[in-house]
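What follows is a set of notes on a single structure, which appears directly below.
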Amino acid sequence: MEKIKIPKATAKRLPLYYRYLLILNEEGKDKVSSTELSEAVQVDSASIRRDFSYFGALGKRGYGYDVKNLLSFFKKILNQDTLTNVALIGVGNLGRALLNYNFKRSNNIRISCAFDINKEITGRILSGVPVYDMEDLKQQLSDQQISIAILTVPSTAAQRTTDEMVDAGVKGIMNFTPIRLSAPADVRVQNVDLATELQTLIYFLDSEKEN
């Protein structure tokens with residue numbers, strides 16, 4: 001399927017649509033309206049119609065969207081038939097939680113290897129995932145052809161580890177550290193800062209109290 005260039009905001013919403021369509025399909029529903037989708041995924045219906053418009057005519061005016069057809073389409077767009085192996089770098093408290101989770105509700109993503117400096121866990125299998133020593137990082141990432149990694153190392157090691165991952169061919173990094181990483185233009189970094197997100201939530205709640 002030809003790659004379609006879409007806005008980043010649209011790309012982030014596609015998995016939301018796909019997950020809800022899975023639910024509808026399991027319930028045996030044949031069609032869904034943009035209004036129903038809007039209420040379920042908390043995205044306004046105008047944005048949904050605009051998102052879908054990037055892919056051509058996916059629905060019919062007055063009818064809505066065929067659930068099976070839409071599900072099949074987004075399955076291809078999101079590569080749901082292709083298994084993506086992801087590396088976890090750093091097996092501390094957050095890393096262990098991610099290992100235990102390991103995208104169990106996803107059919108196409110899995111953490112296939114993990115790395116840490118702790119000799120008590122390296123060389124072992126945790127939650128079904130082999131944990132390697134950080135000294136083996138570049139070799140294993142290259143040998144296993146891993147292109148996506150989750151980074152949960154201490155801040156002091158974040159940039160150094162990133163440089164090693166990039167050298168090994170990693171092209172996508174989900175960064176859970178508070179450090180803003182420096183990476184080549186062809187490497188995409190997605191920052192996940194839980195503390196910042198919570199602080200933002202607290203700010204908005206406090207603002208609503210004042211009003």
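Heads up, the Cβ atoms here are built off N, Cα and C, so glycines get one too.
If you look up Swiss-Prot, you'll see 16-55 marked as DNA-binding region, on the strength of sequence analysis. What Swiss-Prot lists as NAD(+) binding site is Gly90, Val91, Gly92, Asn93, Leu94, Gly95.
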Which one is it: of the binding-site residues Gly90, Gly92, Gly95, which Cβ has the fewest other Cβ atoms within 10 Å in this structure?
Gly92
Which residues, sitting 6 or more apart from Leu94 (NAD(+) binding site) on the same chain, put a CB under 8 Å from its CB?
Thr152, Phe176
Within 10 angstroms of the C-beta of Asn93 (NAD(+) binding site), the count of other C-beta atoms across all shown chains comes to 9
List the helix, strand and coil residue totals of the DNA-binding region (16-55) as derived from DSSP.
28 helix, 2 strand, 10 coil
The DNA-binding region (16-55) [mean pLDDT, rounded to integer]:
88
Inside 8 A of the center formed by the CB atoms of Gly90, Val91, Gly92, Asn93, Leu94, Gly95, which other residues of the chain have their CB, for the recorded NAD(+) site?
Arg96, Ala97, Leu98, Asp116, Thr152, Val153
